[in-house]
């Protein structure tokens, strides 16, 4: 696998391995100051740790053990940092600012299916401002969903009446095979095994939201209502028996000096698939927490709010002392989730490389630029040499693997339904989007054969992505990329604090 590494990547490896060894040695023997990635292509970060510090002391290091290889895969933290911060983050940030990816249709009024609704959060920062119809690009609100933009682009500048008159002429240019595939589209969508409970986009309660104007940030939504959502996810949907206590669960009875050893002994005894499921959810939870710490309300007064990174809040959630060692595990699960969604994007490259698949908004110049930027990002992802290998999952006895895969899917689908129980509208918006994005990634990973059979110039019955799935997939991965980039910023803040 590693024989194809470029010269730059070999240099990075030569620097990374000694850095990893150095961190371990110095962490054990006392004070240290170590520069990460001194090469010009690497973020410059220093790590310090004092042996024998009291838990919770103000110079406690959140990053000392965030290094080296991740469990269940052959990739390390340092390589992901370099790849994300210099290859992925700049591109996906630019991509998610494009019109095609900034408008997301969502129903935030669906009732919670599991417990009585607490009512929506009254905190002003929980509010989501829907996008007026007049602001939505015509190609998005027309309902084409950009399944096949060759037809949509021909119709872009027509009125509805003209579209109706010309539809037959456009259809006459299609092959019989394409017509049959279009006719089967709706039936396939309805029958497909989704990993998420999808919103009905035709519902009168579904609205377009401009994601750039409603950023994911700290809203003040916390305490028992928020705990209940996460508790339901972890305790009822992560294959965990009630006799096993999750570390630092605020709704669980006190376990005295239990440092989570029992929980992690149970977790390591699970099959790979169930262990992966837990790590995906934990990684998503960590990513969301980083977003809240990275865009926190720092000051409010005279009608002006100041937002920015809150180092104290970050330490509370990830510091080794504050979390009894949980912080590092949480952050490593974030990196693991990043690899899973990165692998899904790698797998779906053939789908987007086809000329028939465009990113249609009605502005042909903008649409071409958006497609080019997406393909540029996917090209970088293809070049990454240490992808997660999903072939080890569901690889046992055929019937047992099928049963386990269905159980995996249903548990995840149930989590998507729990998102309708989040009381904060903005938290619900970003929770639903990121869960749908991860669900789309899982759908891709488990559709390899269908993707390999995609026809070049016509629709496929075997594998399709709706516009909603594409928008969720890219924005969800963008959130993970942002989290890893924000970790670098928090490293720098910790150094300045010292």
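Including glycine, each Cβ sits where the backbone N, Cα and C put it.
Keep in mind that TrEMBL annotations are predicted by a computer and have not been checked by a curator.
Because the structure is a prediction, the values reported are computed rather than measured.
Lifted from TrEMBL, the feature list:
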TRANSMEM  12-37  transmembrane segment
DISULFID  121-126  disulfide bond
DISULFID  161-196  disulfide bond
BINDING   217, 219, 230, 282, 285, 317  FAD binding site
ACT_SITE  424  active site, nucleophile
DISULFID  424-427  disulfide bond
ACT_SITE  427  active site
C-alpha spacing of residue 126 (disulfide bond) relative to residue 317 (FAD binding site), in angstrom: 21
By Cα-Cα distance, the member of recorded positions 121, 217, 219, 285, 424 nearest residue 196 (disulfide bond): 285
Cα-Cα distance linking residue 427 (disulfide bond) and residue 285 (FAD binding site), given in Å to the nearest integer: 12
Integer Å distance between the CA atoms belonging to residue 424 (active site, nucleophile) and residue 126 (disulfide bond): 5
For residue 121 (disulfide bond): intrachain residues, at least 6 apart, with Cβ closer than 8 Å: 219, 220, 221, 423, 424, 425, 427
Fewest-neighbour residue among recorded positions, criterion Cβ within 10 Å, set 126, 424, 427: 126
Per-residue Cβ crowding (10 Å cut-off), top of binding-site residues 219, 282: 282
Other CB atoms within 10 A, centred on residue 285 (FAD binding site): 18
Same chain, 6+ residues apart, C-beta under 8 Å of the C-beta of residue 217 (FAD binding site), given in sequence order: 125, 291, 292, 295, 296, 297, 307, 426
For FAD: widest Cα to Cα gap among 217, 219, 230, 282, 285, 317 in Å: 21
